[in-house]
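Novice: One structure, pasted below without further comment.
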Amino acid sequence: MDTEVIDARSVSKLSQSADNSPVPSPGRPDSTDGSKSTFSKGRKRKKAYKDTNAPKAPLTGYVRFLNEHREKARNENPDLPFHEVTKILGNMWTQLPAPQKQLYLEEAEKDKERYMKELEEYQQTDAYKAFMSKQKALRREADGVNGTAESQAVNDESDNLLCKPCNMFFNSPHNKREHLMGKKHNMILMEAAEKEKQEVKDKSAPVTVKSEVQETPEEAFPVDGDIPIFTEEFLNYNKVRENELRRLRKTNTEFEEQNAILSKHIENMKKGIEKLENEAGEQQKEITLLEKNLQKLRQVLRNKLSELSIAGIDEPISTDSSVDKFVSRLHRFIQDDPKENAELVTKIKGIISSIDYPNFLKDVES
């Protein structure tokens with residue numbers, strides 16, 4: 001299926017977060033009519049400088065669905081504008097069954113993990129440091145040397161598309177900058193600061209109860225839910241858990257692939273066994289028919305050959321089982337002196353030619 005590739009850094013046209021997107025997200029009310037631009041009149045939007053060396057940002061599951069079905073939707077609705085086609089695709093995404101939607105979400109999760117790994121490696125390179133230096137110089141030039149500390153902090157923080165305090169990932173630097181200036185982000189930062197302040201206060205309080213001092217070694221290793229968030233310990237713990245989940249997902253995928261292969265082998269083996277059983281049944285029928293044919297032939301030969309009188313062969317052909325011995329001895333007798341036994345050979349040929357084979361075979365098959 002042909003897919004239209006979208007630059008991940010321009011994905012905000014299609015699937016920005018619900019707070020910033022000009023395009024209605026699936027399952028959310030359409031708020032594009034009458035909406036105001038985020039930039040006030042008279043304010044010139046700054047040019048976004050793109051880092052060409054940075055890893056390609058991941059696509060969400062929704063955007064992957066759009067890329068896969070956009071061309072088909074355009075062909076089916078050639079007269080509709082771009083945003084109307086996008087609304088149709090959004091409704092299709094909302095009505096998509098959960099198993100099919102999960103496939104797109106899993107691909108998006110893998111792409112996100114890929115991006116986070118590549119981004120972490122890229123931020124250690126000289127190319128990233130050079131780009132950051134250039135970005136800061138351009139900002140100072142645009143905002144003035146005495147730019148506000150708040151503006152500088154927001155710009156620096158927006159370079160990474162992941163907001164660690166809120167644990168949210170954004171598709172473009174613009175979306176993240178809008179988020180960093182929002183109330184939700186500031187409230188989370190304030191809550192984190194309050195918790196950190198309270199933790200420092202609790203640690204500085206003197207311990208007077210003996211039992212608490214004795215229990216301290218047991219609490220040195222916090223269990224799930226006891227680790228303060230937004231601390232180095234929490235981040236390390238979260239990273240370990242993510243690695244473990246990634247490993248378990250990988251193991252589960254491998255087992256599913258192995259089960260699929262084994263199921264296919266079992267199915268092929270069943271078909272092979274069934275085929276062999278059918279062939280064995282056909283061969284058994286053929287063997288039974290040949291045995292009947294041989295038995296009937298012995299009876300006919302016993303009746304016909306009993307009329308012969310051969311010197312040197314005095315054994316009578318009294319039973320069907322004795323026919324084989326008689327024919328074998330007769331064959332050796334003729335081979336010993338073919339010229340002298342030419343008359344005998346002529347008689348045997350006459351006996352054989354007198355057998356009515358068509359009726360003989362009909363009698364056997366019946």
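Heads up, the Cβ atoms here are built off N, Cα and C, so glycines get one too.
What you are looking at is a predicted structure, and each value in this text was computed from that prediction instead of being measured.
Sequence annotations record features per position, and here TrEMBL assigns region 'Disordered' to 1-61, 197-218. According to TrEMBL, the feature compositional bias 'Polar residues' maps to 12-22. Annotation comment: TrEMBL describes 55-123 as DNA-binding region. Annotation comment: TrEMBL describes 55-123 as domain 'HMG box'. The coiled coil annotation in TrEMBL covers 238-307.
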Novice: Under DSSP, the domain 'HMG box' (55-123) has how many residues in helix, strand and coil?
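Specialist: The composition, in the requested order, is 55 helix, 0 strand, 14 coil.
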Novice: Can you give me the average pLDDT across the coiled coil (238-307), rounded to a whole number?
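Specialist: Per the prediction, mean pLDDT sits at 90 for the coiled coil (238-307).
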